[in-house]
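Here the structure is laid out as structure tokens; the discussion comes afterwards.
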Ligand SMILES: NC(=O)c1ccc[n+]([C@@H]2O[C@H](COP(=O)([O-])OP(=O)(O)OC[C@H]3O[C@@H](n4cnc5c(N)ncnc54)[C@H](O)[C@@H]3O)[C@@H](O)[C@H]2O)c1
């Protein structure tokens, strides 16, 4: 088992990574959270697939344990789900001295983390990510939130967990398309960390589909370490450093909305990275050689990510109203090469449309 400490300004906490972590730690979860009574927000799909394991974890918990199962999709990452959670917590008399466990992928973590951050002005929460994407990315760093109207993650908070338990056993039931989604964020980390890690991922990524634990553990550890170190320095995305984690995401969020959430977040991230690479090249930041090198990995996924017809103008409009924009222009995270990021890069509409059309060409039927 590996332990990575994240000393964020608002909270110092540990991320435990290993096989069967939640069962080895079940009797310690209450002390990690500091309270007895708890609510578990759990993806119903995960509950069904890992019933025995989850029930054995619950047996190790002290106090009252309330379970809220829900269908984890973007539509349910909503105010309506929050209301149901709060109603249940009130009905079960869960007060300030209770804590929340979010057990599922990124949707469950974002929803559960947000509920914990506002219920009784904030209760502790433990995050147990069950998708590769959540293990390498969303469970770390304390960004929580829900979707509202047509805008993703527009209502939310920065709220760090008491602890994150990454139990790699959950990966065994992940279907190929979910592994691919996790790889989308891993590729992002490759581009953030540098060419050595990018090359490792490019050479070995197929091992993820064989559930190769040596590869999976390495990419989880590297990603958590990098994200943790960024969060320690720029927890609330104030200094700008944390913005690099949004590489490809301005495009990706717009693609998800424009495609009416028919495309998964991690798939959209891969397509969004392709757009960001083209934009970096178009604006003269990245040379053709690097563009070709990074795209050659992205293109490997062209048969697994399929977009419906898309409307570039709509995509542009959605990006424009993205919360990260300064007035009048869209700010992108771009790159010169792996490890050399440029934040707040401005692009005009013509260049943004160029990036959309060139980046998405690989994924259209
Ligand atoms: N907070 C952050 O920093 C952050 C970062 C990246 C993404 N996100 C958010 O995360 C969400 C995407 O997360 P995700 O990709 O984990 O999606 P998800 O939570 O929707 O899970 C994807 C699918 O996998 C299933 N699943 C989960 N665990 C499983 C398991 N062990 N075995 C089999 N199936 C399993 C779920 O039921 C679901 O159908 C998006 O809403 C995105 O906005 C947040």
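Every residue number used here counts from 1 along the chain in the order it is shown.
A Cβ is built for glycine as well, from the same backbone N, Cα and C atoms used for every other residue.
Caution: TrEMBL annotation is automatic and unverified by curators.
Among the features that TrEMBL reports, domain '3-dehydroquinate synthase N-terminal' is placed at 69-179.
When secondary structure is read from DSSP and collapsed to three states, residue 172 (NAD(+) binding site) falls in the helix class. Residues or ranges marked as NAD(+) binding site by TrEMBL: 130, 131, 143, 152, 170, 171, 172, 173.
Look at TrEMBL and you will find 182-325 tagged as domain '3-dehydroquinate synthase C-terminal'.
Secondary structure at residue 249 (Zn(2+) binding site), taken from DSSP and collapsed to helix, strand or coil, is helix. Close to residue 249 (Zn(2+) binding site) in the fold, though at least 6 residues off in sequence, lie 269, 272, 333, each with a CB less than 8 Å from its CB. For 185, 249, 265, the entry in TrEMBL reads Zn(2+) binding site.
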Sequence-ordered binding-site residues from 130, 173, 249 with Cβ under 6 Å of an atom of ligand 1: 130, 173
Whole-number Å value for how far residue 185 (Zn(2+) binding site) lies from residue 170 (NAD(+) binding site) (Cα to Cα): 18
Neighbour tally for residue 152 (NAD(+) binding site), based on other Cβ positions within 10 Å of its Cβ: 24
Fewest Cβ neighbours within 10 Å, where candidates are the binding-site residues 143, 172, 265: 172
Assigned conformation of residue 131 (NAD(+) binding site) - DSSP reduced to three states: coil
Residue with minimal Cβ packing [other Cβ atoms within 10 Å] among the binding-site residues 130, 131, 173: 173
